[in-house]
Amino acid sequence: MMSGLFTKALLAAVALAASLSVAGAQDKGLENPRSTAFHTSLKDKKVVFVPLSMGFDLTEGWAAQMRKQADRLGYSFDIRDPAWSTDAGTKAIQSLITEKPDLMVIHNPDIQSYARLLKQAQAAGIKIVQINLESNTTTDSYVGADWTEIGRKAAEAIVEKCDAGKGVSTKVAIDTGVPTAASDVFQLDGIYKVLNEHPDIQVVSQQATEYNPEKARSIMSTVLQQHGDLCGAIGIWDNQDTGTASAIKEAGKSDQVFLVTSGGGNQVGCENVKNGLFNLYISYNVPLQGDLLNQEIVRLLLSDGTAGEVQTMYFNPLTMITKNNVNQRNCWTLDELK
Amino acid sequence: MSAAEQQTGARGPTIRERLLQSQEGIVFLLAVVAFLAFSILLPSFLSSGNLLVLVRSVSILGILALGMALVVIARGIDVSMIAVMVVSVSWAFVITRAGYPFELALLIGASFAMLAGIMIGTLIAFGEVPPIFATLAAGSVIYGTGRTFFFTLEMQNVPPDTEWFRLIGQGNVFGIPVTVVAFALLCVVVQLVLRRTRFGWMTYAMGNNPNTARVSGLPTRPMIVAQYASTALIAYVAGLILASSAAAINARLFNSTMIYDILLVVVLGGIGLNGGHGSVRNVILGTVFVGILLNGMTIMNIDYTIQNLVKGVVLLLAIVVDSLVNPRDEQTSQQGDL
């Protein structure tokens, strides 16, 4: 009897101790082996960004976000800035192929220039993410705007305002940037795909501004002289279209000419929507692109696959910014990203 | 034939000969032909509105060309003008956005431009570096300094709450754009300086024969410094007007073909690159001719690449004619000149 009681007490004590020790372990949490691996396996990795050029909202925004993540996870992040020179960019990539970083983020000046180099780099085992401007070579990943979609959306907005019987006329002007960039060729394709379905719309001018706001201004003022009844204008980039807009404002035709432009959604572009210079601002949302880029970088760095083995791409959603939704959520400043 | 006509006929070549034998005359004829052709072929080319747009669109180019003419007449060249322009103006805007009074910021910008000009002049005058190399290098240094220390973003919008500043580029005086008025005023000032002051006479003397000028006791070194400082200041003024009219300035202009457009105006107008001759009249002629070409091509909606081709061919022709009309000889050619 006694011994039975003793055994029971002993068993109870053991059970209590066991349950206490489990509780103790839960107090201090459980080690997540995946977290440890995530943070340690990225150390010593090397990521290099080759932008078109630093010094403008898009590249500065992406770089700020990529650097922030590199600091958080402990991999190295460098920028090789070719300062708008395709030649310098080519040389930078060539020397990177011999340096062999783990991953390159490439911003293409046009669809041809880097195409062969990107193939070589992947063959050499360097993983490649292309950002916002595509090349003809598909690589491990592309993150960015679908320029055709932007062109289509811009043209649809214009058709809405300027198709026969809707606006003051059916005349439309297009301001392009530099004729060979992916942003130009694909966007024009999108624009014309829509416009061709609306034969009443006439494109009275299609001129290249070289992304220069003053040139955009003088082209638009010449066009407005010739076609005082211009109904709409599509600009290819917000940075240049500040000039387009100021020509329209100067001619006193802000209410008549519907101006659509696109850009990264930074505060400067948003200011122009607020003060009525841009009627529709199609934003490809740099902070979002930065987040997507960061996700792709980590995914590829952690993956055991070889460079170029699996090719993915993601066209990020666009934000249509008008006077009604210019707000903190849709617009950003560089300082916020840093 | 009146007595006066007989006198001119006896004194020198007839008007027809003068037109065909000087480059200035040939360009003048070309300008007239282009003007007539566009007037007949293009509807509303001849409207007063379009003519104002035409002159206005090249006024800034004209102002920059005035600055360039000043150094070219003295047998120099300044290819750093765009760098000085974009960096000093962008910096002034950045300083304003950092909270300083706009007027003070503009003064700081002007001082920076002056300082840059003085340093370039010193390099050429005292370091005896050929102007083309000195200014080519200085341009990169100034631009690099600006991008590294003064501003991150290439695109700088005009700071808010500066309404009076916008008037410079967007306002009118008696129906004439302020930009055009500014160009006209600067033309008068530069003309007076060149023709009526000792500074002007010495400039021509230095351009004609630098060695003789030095031997005759002209202060050629301080003169060179003063010339480059004036050119830098003119570049700054042009930059302010440009920024005001497009509501923004893009530092990327440094990478554009703008500096060649300035040279195009100067050379087309008939100011020989070997110095010593030419005047404000030539700058006006060159500016107007380029204006007619650009305006006409924009109205005709000519492709970007073809526009560049036309500009290039015209410049090439002008240089060929220049070397035929102003042949080099032992007196005019010199080691290190252009």
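Quick reminder: no glycine exception, Cβ is built from N, Cα and C everywhere.
Residues or ranges marked as transmembrane segment in TrEMBL: B:26-46, B:52-74, B:81-100, B:106-126, B:133-153, B:173-194, B:228-251, B:257-276, B:283-302.
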Please report, as numbers and ranges, the same-chain residues at least 6 past the borders of the transmembrane segment (B:173-194) whose CB is under 8 Å from any CB of it.
52, 55-56, 59-60, 62-63, 66, 69-70, 73, 167, 200, 203-204, 234, 237, 241, 245, 279-280, 283-284, 287
Quick one: find which recorded stretch in B:81-100, B:106-126, B:228-251, B:257-276, B:283-302 has the most Cβ pairs under 8 Å with the transmembrane segment (B:133-153).
B:81-100
Region pair the transmembrane segment (B:228-251) / the transmembrane segment (B:257-276), three or more CB pairs under 8 Å
no
Any contact between the transmembrane segment (B:52-74) and the transmembrane segment (B:257-276), i.e. 3 or more CB pairs below 8 Å with pairs at least 6 residues apart?
yes
Of the stretches B:81-100, B:106-126, B:257-276, which racks up the most C-beta pairs under 8 Å with the transmembrane segment (B:26-46)?
B:257-276
Contact set, same chain, for the transmembrane segment (B:106-126): CB under 8 Å, 6 or more residues outside the stretch
76, 78, 80, 84-85, 87-89, 91-92, 95, 134-135, 138, 142, 220-233, 235-236, 240
